[in-house]
Amino acid sequence: MSPNFKLQCHFILILLTALRGESRYLEVQEAAVYDPLLLFSANLKRDLAEEQPYRRALRCLDMLSLPGQFTFTADRPQLHCAAFFIGEPEEFITIHYDLVSIDCQGGDFLKVFDGWILKGEKFPSSQDHPLPTMKRYTDFCESGLTRRSIRSSQNVAMVFFRVHEPGNGFTITIKTDPNLFPCNVISQTPSGRFTLVVPYQHQNCSFSIIYPVAIKISDLTLGHLHGLQLKKPAAGCGGTGDFVELLGGTGLDPSKMMPLADLCYPFLGPAQMKISCDNAVVRMVSSGKHINRVTFEYRQLEPFELETSTGNSIPEYCLSSL
C-alpha cells in the first residue's frame, strides 16, 4: 500500500445526524448542518509492523487502510463513534466479529455500512450500489453472531457504534479479498492510473478521487457490437446506454455532483481535464450489452494551478466553495 494516503480534512467530518438516530437504523439526512465531532489526521496510513496480524486499539473516530485485528473498549460512554476502512481499488473488505460485548437493550449498537457516509452523503451513491440504502446496513443487535462476517461491495466500508458502559466494546478482524472487476472505488492516493472495466453488466461504476486533480483519459472503449464500434451520437450522451462522465463537487455522493463532461464514443486519447473540485469522479454507465473500458491517469493539482486554472478546467463552480 502507498504510504501517502491523505484526504482533505473537511471531507472527513462525521455528522452528529449520522450517529444520533433514535431508530435501529441510521438515517441519512441531506439538508441539516451540524458541527463536526472531530477531524481525522491528515496522515491516515498506519505503518504495518513486522508481526502478523497487525493489532491495535480502535478509536471512537478512526480510519484504517490495512488489514488486522482491532479492539474498541469504552473508557467512558462513547455515543457517536465511527470507523472508516479502505482497501486498494482491487479489493473487497471483510469485517469479522471476533468478540462483542455491548448492551443492545440499553441503547448500544454496532452497525456495518457497505460503503462510506460523510457529511450526510453516501459512496457509492444509491444509483451506483446494487442494494437499497437500508439493505446496506448490518445491525449486530438484530443479527447477533449469526452473521459474523460482512463483506463490502467495494474497497470501502465503515462501522458505526455506540457503547454506554465503560469496559464494554468489541473486537473485529479486517481482511481483504481480491476483486477482479472493481466497480466503485475511492482512491487512496492523489495520483495514479486505473482501468475501469465493465463486462456485460448493467451497472454504474464510479472512481472517486478526493482531491482537485488533472485527469487524462488515454483509452476509451464503448459499445462493441459484433466487432464494430457504435457511431458517435449526433448530440450528447443522454440517449446512449453506454458512456463515461466526469463529475466534480464538494460532497461524496456522485449523484449530487455537477456533470463536467461526458464521453459516449470510443477513442484512443489522450483527453485531459482539470477539475478544481474537492472531489472528482470518473463514472461509467453501462447498458450491459457490451464490454466497456476506460483507462485514465490522475494527479493532484498544484496550488498555483488552482489559482490560475483556465482552458478546459471548471474553476468557477468548484473554487467558490474552497
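The first residue you see is number 1, and the count goes up from there.
Cβ atoms are placed via backbone N, Cα and C, with glycine included.
According to Swiss-Prot, Cys205 forms a disulfide bond with Cys183, chosen from Cys183, Cys237. According to Swiss-Prot, the cysteine that forms a disulfide bond with Cys81, out of Cys60, Cys104, is Cys60. For Cys264, the disulfide partner named by Swiss-Prot from the candidate list Cys237, Cys318 is Cys237. Taking the disulfide-bonded residues Cys60, Cys104, Cys183, Cys264, Cys277 in turn and counting surrounding C-beta atoms within 10 angstroms, the largest count is reached at Cys277. Sorted by the number of other CB atoms within 10 A, the disulfide-bonded residues Cys81, Cys141, Cys205, Cys237 start with Cys141, the lowest. Under DSSP, Cys81 (disulfide bond) is assigned to a strand (E or B) in the three-state scheme. For Asn204 (N-linked glycosylation site), the count of additional Cβ atoms within 10 Å of its Cβ stands at 20 [all protein chains shown].
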